[in-house]
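Working notes for the structure below.
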């Protein structure tokens with residue numbers, strides 16, 4: 001199970017990195033989504049895939065009666081999901097605003113902040 | 001039976017001991033930031049109230065930071081466990097000397113920038129939440145400096161990042177959207193790398209508490225996975241800190257927002273990356289870090305040389321400062337390249353070098369914030385921030401020009417200002433650590449930055465106003481830039497006070513550095529020998 005998940009994680013990372021290397025922002029956004037999910041799955045696998053019983057203590061008992069799944073990676077993933085989701089929402093709006101404002105989603109042509117023809121500083125006065 | 005086992009389990013996992021009131025100082029910086037941030041959010045439409053609430057809030061933050069520094073300086077590292085869980089189960093907030101120094105300096109520059117912002121941030125941007133974002137970002141920065149849990153550190157990175165996103169795009173100019181796109185994507189990928197590394201770390205050690213990791217890493221027999229971890233952490237932190245070759249997002253974005261926002265970013269955000277790198281690589285994985293020192297040496301040297309050449313090539317005041325930030329990062333990164341602090345040979349290099357690096361970080365936080373704020377004033381006075389068109393500021397405003405000169409001297413590392421002593425320590429450490437070429441690169445990059453700074457001063461301040469930019473184009477331009485450079489001139493107290501405060505710190509730290517060196521020496525010893533840190537977390541249990 002862990003080996004299989006490793007391959008899934010690797011495939012997700014490969015696709016995410018490929019998309020992030022694109023110069024079009026819309027593809028980079030898709031890459032960010034996949035990257036977030038790849039990381040979540042990676043944390044999950046790192047917590048070891050063990051018993052599938054949910055980590056819930058039944059009524060009347062003080063400790064789990066049987067071996068249960070590791071809850072900590074799930075807590076970490078939950079945090080990471082919330083963060084990556086809110087970041088994705090922000091990036092989506094930012095990318096749309098940038099597209100509206102700069103008339104392009106090609107990062108090679110986004111040179112407003114760093115114009116190409118600025119030239120050297122004056123060498124004397 | 002059931003109750004007995006429950007109390008036994010509770011005794012094992014939870015602590016019932018009450019927390020001494022002064023120990024609440026550990027979390028006060030974070031609490032103050034979020035309380036005031038939330039309060040400001042509630043009075044979003046009362047724009048006029050924002051400064052009245054925000055400035056006392058920032059004063060409270062600085063007071064809390066100073067209390068924490070005092071507590072750590074007198075009593076050693078202090079830990080607070082969240083929810084009463086015993087370590088390593090609960091989330092630990094642990095402030096040691098290094099964290100306390102960083103958080104205090106961060107509070108100081110935030111107060112200065114906040115005062116400056118009341119004069120320079122227009123009402124519309126206050127309405128869109130300048131001050132709430134400021135407090136949110138400061139909460140993230142303070143949290144990152146005092147947390148003792150590595151996943152929690154990741155969360156604080158994200159908190160400060162989301163706050164910085166908000167500040168970066170306030171105003172929605174074309175340049176801002178362009179710069180923000182690059183800043184956001186690269187920083188998001190950087191923190192995701194941090195998360196990946198933390199996932200692996202949890203898989204290897206089964207714990208996220210830094211004190212626990214430090215102990216387990218020391219006891220580990222097969223250290224191969226730690227190398228992978230160390231490299232992953234290094235890449236993600238150098239992305240945050242803008243180290244070569246992952247630095248290009250910084251010059252693409254830091255000159256686009258308001259000057260006061262640039263100042264806060266340049267002062268604080270990159271230093272959080274540096275802080276995390278020192279914390280993780282030097283405290284958690286010291287032997288592995290020492291083995292990879294040649295890699296770090298190259299990164300440090302290339303970062304500072306790249307930054308210095310970049311600074312030479314800029315014709316815009318703020319874009320010059322962007323590269324000056326990168327030079328500083330390269331200088332601080334030198335500490336990662338020093339030989340390990342084993343007793344005897346090489347021990348001197350690490351203790352002197354780490355103390356120097358922390359001092360450099362303190363100096364860099366203050367001086368970069370001050371320079372961006374001063375650049376805002378200069379741009380306001382000249383109506384432009386391009387070196388082609390600036391001029392005559394010395395004649396019109398000698399006092400302001402003198403402040404700028406002090407700051408430029410300091411950023412270049414010239415005596416008698418604050419940039420000099422950390423450079424002396426770093427050069428001494430690199431020579432003691434048998435890395436003369438790294439010492440040479442510190443000095444060469446400092447020399448190049450001196451040339452670049454001198455040119456900025458000569459063109460922007462010393463020379464008379466260029467005739468070419470006078471007359472009609474100038475008046476037209478002023479109308480446009482008046483909106484963009486809404487800084488206040490130095491005649492306004494609200495912009496003069498923070499500049500003078502930061503500048504006097506620069507002078508005091510340069511002329512009378514011993515008290516600062518004592519603090520940074522203590523901080524360096526706390527990182528090299530983390531035993532007090534670990535004891536403070538586990539309370540002598542182990």
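Even glycines carry a Cβ here, placed using N, Cα and C.
As the structure is a computational prediction, the values presented were derived from the model and not from experiment.
If you look up TrEMBL, you'll see B:149-446 marked as domain 'NADH:quinone oxidoreductase/Mrp antiporter transmembrane'.
The transmembrane segment annotation in TrEMBL covers B:24-42 (among others).
Same-chain residues lying 6+ beyond the ends of the transmembrane segment (B:49-70) with a Cβ under 8 Å from its Cβ atoms: 22, 25-26, 28-29, 31-33, 35-36, 39-40, 43, 78, 95, 100-101, 103-104, 106-108, 110-111, 114-115, 117-118, 126, 130-131, 134-135, 138, 142, 146. The transmembrane segment annotation in TrEMBL covers B:49-70 (among others).
Sequence annotations record features per position, and here TrEMBL assigns transmembrane segment to B:90-116 (among others).
For B:128-147 (among others), the entry in TrEMBL reads transmembrane segment. Same-chain neighbours of the transmembrane segment (B:128-147): 26-27, 29-30, 33-34, 36-38, 40-41, 44, 50-51, 53-54, 57-58, 61, 65, 68, 91-95, 99-100, 102-103, 106-107, 110, 113-114, 117, 121, 153, 155-164, 166-167, 170, 264, 268-269, 272, 275-276, counting only residues six or more beyond its ends whose CB sits under 8 Å from a CB of the stretch.
If you look at the transmembrane segment (B:153-171), the same-chain residues 6 or more away from its ends with a CB under 8 A from one of its CBs are 125, 128-130, 133-134, 136-141, 143-144, 147, 177, 179-180, 183-184, 187-188, 191, 194-195, 198, 240, 253, 256-258, 261, 264-265, 269, 272, 276, 279. The transmembrane segment feature in TrEMBL is assigned to B:153-171 (among others).
Counting same-chain residues at least six beyond the ends of the transmembrane segment (B:183-205), those with a Cβ under 8 angstroms from any Cβ of the stretch are 150-151, 154, 157-158, 161, 164-165, 168, 212-213, 216-217, 225-226, 228-229, 232-233, 235-237, 239-240, 246, 249, 252-253. Residues annotated as transmembrane segment in TrEMBL: B:183-205 (among others).
Taken from TrEMBL, the feature transmembrane segment applies to B:259-283 (among others).
Residues annotated as transmembrane segment in TrEMBL: B:295-313 (among others).
Taken from TrEMBL, the feature transmembrane segment covers B:320-342 (among others). Packing against the transmembrane segment (B:320-342) from elsewhere in the chain are residues 234, 238, 241-244, 247, 250-251, 254-255, 262, 266, 270-271, 274, 277-278, 281-282, 286-287, 289-290, 293-294, 296-297, 299-308, 310-311, 314, 349-351, 353-354, 356-357, 360-361, 364, 368, 371-372, 375, 387, 411, 422-423, 426, 429-430, 433-435, 438, 442, 445-446, 449, 452-453, 456, 528: each is 6 or more residues past its ends and has a CB under 8 Å from a CB in it.
The annotation transmembrane segment is assigned in TrEMBL to B:354-378 (among others).
The annotation transmembrane segment is assigned in TrEMBL to B:437-458 (among others).
The transmembrane segment annotation in TrEMBL covers B:493-512 (among others).
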With an 8 Å cut-off on Cβ pairs and a sequence gap of 6 or more, do the transmembrane segment (B:354-378) and the transmembrane segment (B:90-116) reach 3 or more such pairs?
yes
How about the transmembrane segment (B:437-458) with the transmembrane segment (B:295-313) - do they touch, taking at least 3 C-beta pairs under 8 Å (6 or more apart in sequence) as contact?
yes
Stretch-level contact, the transmembrane segment (B:90-116) and the transmembrane segment (B:295-313), CB cutoff 8 A, at least 3 pairs:
no
By Cβ distance under 8 Å, which residues at least 6 away from the ends of the transmembrane segment (B:493-512) in the same chain are close to it?
108-109, 111-113, 115-116, 118-120, 362-363, 366-367, 369-370, 373-374, 376-377, 400, 403, 406-407, 410, 415-421, 487
